[in-house]
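K.L.:
Structure below; questions to follow.
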DNA sequence: GTCTATACAACGATAGAC
DNA sequence: GTCTATCGTTGTATAGAC
């Protein structure tokens, strides 16, 4: 299909709008305007808003999960990979594109969308737990710490958005990392330090 | 004023609806229906939805902050007070009434509402940091760990809602607590254990 | 497959009687 | 101070020509 892929333009526009304002707060009309497509085309490709939302949210979750799994895999030391995931530079003020969906009523009321969000976090936490186990943490502790690690990042987004300060997320991560791996205390901060 | 306080009924109904569905997703009409008040009464007390939202969100934030500060103050050992805050039983699937507002576009687009949310978290984090300092943690670490503690709770809400499992929040808190205070490892779990 | 035009409900807000 | 009735706009979705 050599077509300019109207469908892909719609999905991409929906992903951006969903990330910026949430699913429930984004209207099909806005997606049309942002993508430059006509009314009928949208409803040709996606019979209802639900169908567009499923396509866009799935794409966003897939992309986010792939990025995280990328960081968590590899041959470098296991604990270092977890630290890399925790300390990855993030657009803290924008919030997590997947995590934010948990307070979007339009998402939680839709079985398909809720399942997508659930799968993302189930896999993310399970992977972090595996890597921590590989790092020598006992399995039970690894599961709890994996939950804590993912929660610190998600909560860091909340704090950063609430206070309007991206440093709030960095402080939260730092507070957790220095407990998880005390040897990081004397390490130079390798991120932008503004 | 011996009146049945129509205004209070409106604010209370708005608080519940905001907690359940968010601010942007709640219409004045729903507040009317839930409170049993007439159209004109709402707009008599609150000229616009913004005014009702400010009253309801402020009340919710005030109540939530008072509850947290209550737990964090007192004469018991400082570290124990932080643990009490972290481990307090929470309705994890409902989400944080204040934290969830950070992904509500209607809130973030309103200067007054955003300021209310910000003040809540600024004060909460500052108080946790003070108590940690009182517990003997160096000031810099105390600030980072306070951010981490509040973030773990907020992220615990996200995980619990995402997975549909209240235990996800408990796992996240446990993962953080055992790092923050290793002596808690051998402690019996004093909460309801499903 | 894409477009313009339109339908119908719910939104936030106002008017004006009581 | 409270009510019912209504306004103009935007939401989701459909109709039907091209």
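Cβ coordinates are placed from backbone N, Cα and C, and glycine is handled just like the others.
Keep in mind that this is a model prediction, so the values were computed, not measured.
Pasting the feature list from TrEMBL:
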type     : residues : note
DOMAIN   : A:4-64   : domain 'HTH tetR-type'
DNA_BIND : A:27-46  : DNA-binding region
K.L.:
Please give the sequence-distant neighbours of the DNA-binding region (A:27-46): residues at least 6 beyond its ends with Cβ less than 8 Å from one of its Cβ atoms.
P.N.:
6-7, 9-10, 12-14, 16-17, 52, 55
K.L.:
Give the mean pLDDT for the DNA-binding region (A:27-46) on the 0 to 100 scale.
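P.N.:
Mean pLDDT for the DNA-binding region (A:27-46): 96.
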K.L.:
DSSP on the DNA-binding region (A:27-46): how many residues come out helix, how many strand, how many coil?
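P.N.:
Residue counts for the DNA-binding region (A:27-46) by secondary structure: 15 helix, 0 strand, 5 coil.
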